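Q: Got a structure for you, written out below as structure tokens; questions coming shortly.
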Amino acid sequence: MNSQHPTPNNQQRIQISQVVVTAQQMREIEARIFAAGMPVAALMEKVAGLIARRIQVLYLSEDAETENFSVSVRPHKVGILVGPGHNGGDALVVARELYFRGYAVYIYSPFAKLKELTSQHLQYAQSLGIPCYQSIEDLPKCDLLVDGLFGFGLERELQDPIASAINQLNHKSVPIISIDMPSGLHTDTGEVLGTAIRASHTFCLGLWKLGLLQDQALEYVGKAELIDFDIPWADVEAVLGETPRIKRVTKDSVFSTVPLPRPAVTHKYKEGHLLLICGSRRYAGGAILTGLGARASGVGMLSIAVPESLKPILVSHLPEALIVGCPETQTGAIAQLQLPENTDLNSFDAIACGPGLTKDASPIVQQVLESTIPLVLDADGLNILAEMGTPPNPPLTKGGTKGGIRQALTVLTPHTGEFQRLFPDLPDAKHNRIEAVREAAAQSGAVVLLKGARTAIANSEGAVWIVPESTPALARGGSGDVLTGLMGGLIAQAVTHQIPAEDMVAAAAWWHAQAGILAAQERTELGVDAFTLTQYLIKFLSLINKPLA
Ligand SMILES: NC(=O)C1=CN([C@@H]2O[C@H](COP(=O)(O)OP(=O)(O)OC[C@H]3O[C@@H](n4cnc5c(N)ncnc54)[C@H](OP(=O)(O)O)[C@@H]3O)[C@@H](O)[C@H]2O)[C@@H](O)CC1
Ligand SMILES: Nc1ncnc2c1ncn2[C@@H]1O[C@H](COP(=O)(O)OP(=O)(O)O)[C@@H](O)[C@H]1O
Ligand SMILES: [K+]
């Protein structure tokens, strides 16, 4: 979509923004940089200089983005929270820089023992006359706080007096900028180790830390942004491999996936034929929303199998789709798939099955599992699958190499409840969602998409994609149905456009979240019902797909 070709270096910076690391991986990357000759102090100076400048732009300058500051006065008094390690060192360099820019700076440094470099910076700051306090009670009232207590070196629960100092600071309703991680969060799991800083902004240094992308961290992280300090790609590659295992889904990754532009010469069947199987007399709306999600994918042909009694309403909402009315059970679920003559399940490019089916449609799920084309299972499709045995056994292996029952891609899209029904023996998905989804994909042989505030996707080879932004506006009945349709439609187009279907799963989840964000910006977080969301999918795409000069 983008007509500008980035230079190799730009390309690497784009890749850097997609990488996600654990604390251990960051340590190894850092060690390589230092071993290659970069002085530790020089790197700290560079990083903290970037942080100080960013703080000024966001909070302190004349034209600071006012949304970052709720109080009418521009901040002048800045409190700097200093921990014992290099996170504290970064904070002290920021303190010195802001002091020289004319701000009133106050340091809170409660630790008796500091790392060498941190100790030197503290000594210099004090020599300049910057006041320094050991007790939180003595720290004067500030308009802005910079949190350099702990970064990726934090490994144990916080104790008093630090824990109670953090609790007091959190209650002051003063904006807090956290350096690297909000102090108190575990770098990998995002778990709160006793207590943690509730940041307004987190400036993550160099590479995204996994913990910042875990649901349980979000209320502490505030707005997160990456401070890119030019980590050489070779060092990232040396530690993580050519293709990092955990990646953030970004605009750049999605735009090389979405099937645009279309080839000039094409026809409807070349642009994918999706079969949706959804709905019941009780849940007609789910079928409509899934259909509207699929419509937004641009899929060439859309067929929708629903119980016969739903056919008129589906036709009225989706006149372009082929609505296949099926015989129904007494309860109004699909009793049997009645596809048009000369058509079987393998005539399509992809199937998405589940929204609104009810559990009475279990023979249908059994039947679609036997198809040999890509399949998305959601909602009741997952509940029925869970009743067949957990974890899915035999596995839903793609290619059948592990003796699984499927020869093509299977995508499971559970929310946390459905996930726990499907994978009851897995580590609590709330504790470490990324590990849980990775393990689920390995066990089931499927691509598993675990829904949430930060949706995570894994395949059975251990690759993980995380959708890094979303909005709680999507926490609303029906928004998952929209995702299922959108994803099915994109997967159906994957073959023609020679794009790995797994990338389409990540692209669908990202696009869905971005459409939600745009809709929430225009209509508030209360204004994003699932139907409205379907209208914002193409609106979002057209806004960001303006041709570049
Ligand atoms: N990577 C990079 O490229 C760059 C990294 N940089 C910066 O370095 C940061 C990492 O620095 P770091 O390794 O010194 O660790 P950090 O998080 O400051 O603190 C660990 C200290 O806390 C202590 N401690 C631990 N738990 C504790 C507890 N519960 N309660 C009390 N104490 C506890 C622990 O000591 P211990 O008691 O375990 O001996 C240790 O001394 C990183 O986040 C970034 O800001 C930039 O400067 C340049 C580029
Ligand atoms: N707090 C949240 N922040 C961001 N996205 C959310 C949040 N809660 C839910 N979502 C998203 O909304 C969708 C809800 O899907 P699901 O639970 O299947 O709903 P339904 O079955 O009613 O359609 C998922 O895509 C999920 O990631
Ligand atoms: K911090």
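Yeah, the Cβs are placed from backbone N, Cα and C, and that goes for glycine too.
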Q: Quick one: which of Asn10, Asn87, Asn167 does TrEMBL put in the K(+) site with Asp147, Ser183?
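A: It is Asn87, as the record lists it for that site.
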Q: Going by the AMP site in TrEMBL, where Lys451, Gly452, Ala453, Arg454, Thr455 are listed, which of the candidates Gly462, Gly477, Gly478, Gly480 is also part of it?
A: Gly480
Q: Does DSSP give Asp90 ((6S)-NADPHX binding site) helix, strand or coil?
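A: It is helical.
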Q: Pick the one among the binding-site residues His86, Arg156, His415, Lys451, Arg454 whose Cβ has the fewest other Cβ atoms within 10 Å in this structure.
A: Arg156
Q: So which binding-site residues out of Asn87, Asp147, His415, Arg454, Gly480 are up against ligand 2, CB under 6 A?
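A: Passing the 6 Å Cβ check against ligand 2: His415, Gly480.
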Q: Cβ under 6 Å from an atom of ligand 3: which of these binding-site residues qualify? The list is Asp147, Phe152, Arg156, Ser183, Lys451, Arg454.
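A: Correct list: Asp147, Ser183.
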Q: Given the binding-site residues Asp147, Asp180, which one is most crowded in terms of C-beta atoms within 10 angstroms?
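A: Top count of Cβ atoms within 10 Å goes to Asp147.
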Q: Out of Gly452, Arg454, Gly480, point to the one nearest Asp90 ((6S)-NADPHX binding site) in space (Cα versus Cα); all of them are binding-site residues in the record.
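A: For Asp90 ((6S)-NADPHX binding site), the spatially nearest of the binding-site residues is Arg454.
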